[in-house]
Amino acid sequence: MSAPRGQFSSNIGFLMAAAGSAVGLGNIWGFPTKAASNGGAAFVVVYLVLAFLLAYPALMAELTIGRHARSNMVQALRGISTGPISRLFGSLAGFGGILVASLILSFYAIVAGWMVAYLADPFASLLGADGAAAWLTGNSVGRNLTFTAIFSGMTMLIIAAGVEKGIERWSTLLMPSLIILLLLLIVYVLTQPGATTGLEVYLMPDFSQFSPKLLISAMGQAFFSLSLGVGTMLIYGSYLSQQESLPRLGALVTLIDVGIAFTAGLLILPAMYVAQEAGTQIFSAGGELIAGPDLILQVLPALFDTMGTAGLFVAIAFFALMVIASLTSSISMLEVPVAFSIENLGVQRRLATPLVGLVIFAISSVIIINFDTLFGLVVSISTEYGQPLLGVALCIFAGWIWRRDQLLAELQKGHPGIEKSLFWKIWPWYVRIVCPLLILAAFAQSVL
Ligand code: PFF
């Protein structure tokens, strides 16, 4: 007998957890900087369209399969298979999902570790511990290992507590805090000199930058932002009660994700131009807006430094926001291999979590030690190849392999009258034909 499965206690709990997974560094850091370097509002418009036309239908495939199967990705895909070949394909995609989720977590925890170190930095400054402050922002291997370990430990503590007491409780606490911090920071930054230039760069569309590259970049961003392909949303769907409407909850998760990404742009772009006004370089030698780690780890801290004591509090609020956003995402990634270990290998959650967590931390450590060769490679393999290809596999499972009557029956649960909706008329065909073709086309463009 296996242990009883966890379940979210309410639809709000699910919503906070799924939106928490979706809202992360991808929204607050990735989205605004991609928008700024790809034509501002032109990118925003393309992203919005893709999020609803491509990412939302793919998200629905994961949620529907997950809630029906009530199990992790490997078991779920095998369970809805109809023959030995599709079962083999299901195992491959399922294990692929576990591997890619673990790889994403291994680099995500490093970046999140930087955020924890930068959150600790103003406290060290306040205490007058200048040596410690310099170490915290010094980018040494020791610093990176320490803070990746701290962040991974926090992730493990939440996951070890289980679905309701860990994932749901913490997401419900952290997501509203994230929104409050984000809004406070926006209000503060928008009152600083230079902010309106940033708003213009963000909100004035430059459609001349529209290109296949922009489309692909927006699709990758949408997939990463909605945590698609790796079984995170599938496993969260599997903890959702049958009384809830999947299309509605999925749409809400997408709206919250897109809404917070857009709102974060109202913070990051104005903040960059405020920094410029205060004398910080925000363009690279090649004339491009600084978007990578230098933005978060140099441009913004330089800005906070010019703000005197207020800057210490702004820095604390900003890096607390980043840590919170990272944590609600990292727990969803760790849950993927942990749920597999519990359900398929029979290991108890309290043991499975540290075991899996340590393996992933070991991968992070190898990346930290060989940062220049491995970091970009792992990001690229997992997010540019892994996520879209697994997304196609999930659409094929929902659209072609899974028995149609079962798929439709799952959609009807918790949503009386769905037969009259547009969703019912469009989605089952859409996920079968349009979704996989669109993803594959964009994928081919980007890698060929
Ligand atoms: N959606 C997260 C973000 O935007 O930062 C990243 C992410 C979380 C990707 C969970 C994949 C995943 F399974």
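Here the Cβ of each residue, glycine as well, is placed from N, Cα and C on the backbone.
For 12-29, 41-61, 88-117, 145-163, 170-190, 214-237, 249-273, 310-334, 355-379, 385-402, 422-444, the entry in TrEMBL reads transmembrane segment.
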| Result, the transmembrane segment (170-190) in contact with the transmembrane segment (12-29) (3+ CB pairs under 8 Å) | yes
| message | Using Cβ distances below 8 Å and needing 3 or more such pairs, separated by at least 6 in sequence, tell me whether the transmembrane segment (310-334) contacts the transmembrane segment (88-117). | response | yes
| query | Which range out of 41-61, 170-190, 214-237, 355-379, 422-444 gives the transmembrane segment (88-117) the most CB pairs under 8 Å? | reply | 355-379
| Where, among 170-190, 355-379, 422-444, do we find the most CB pairs under 8 A to the transmembrane segment (385-402)? | 422-444
| request: Examine the transmembrane segment (214-237) against the transmembrane segment (355-379) and state whether at least 3 Cβ pairs sit under 8 A, considering only residue pairs 6 or more apart. | output: no
| request: Could you tell me whether the transmembrane segment (355-379) and the transmembrane segment (41-61) are in contact, taking contact to mean 3+ Cβ pairs under 8 Å with a sequence separation of 6 or more? | output: no
| query | Other than its close neighbours in sequence, what residues sit by the transmembrane segment (249-273), given a CB gap under 8 Å and a spacing of at least six beyond its ends? | reply | 11, 14-15, 18-19, 22-23, 26-29, 31-33, 35-36, 44, 47-48, 51-52, 55-56, 59-60, 63, 178-179, 182-183, 185-186, 189-190, 192, 194-199, 201-202, 225-226, 240, 282, 289-290, 295, 299-300, 303
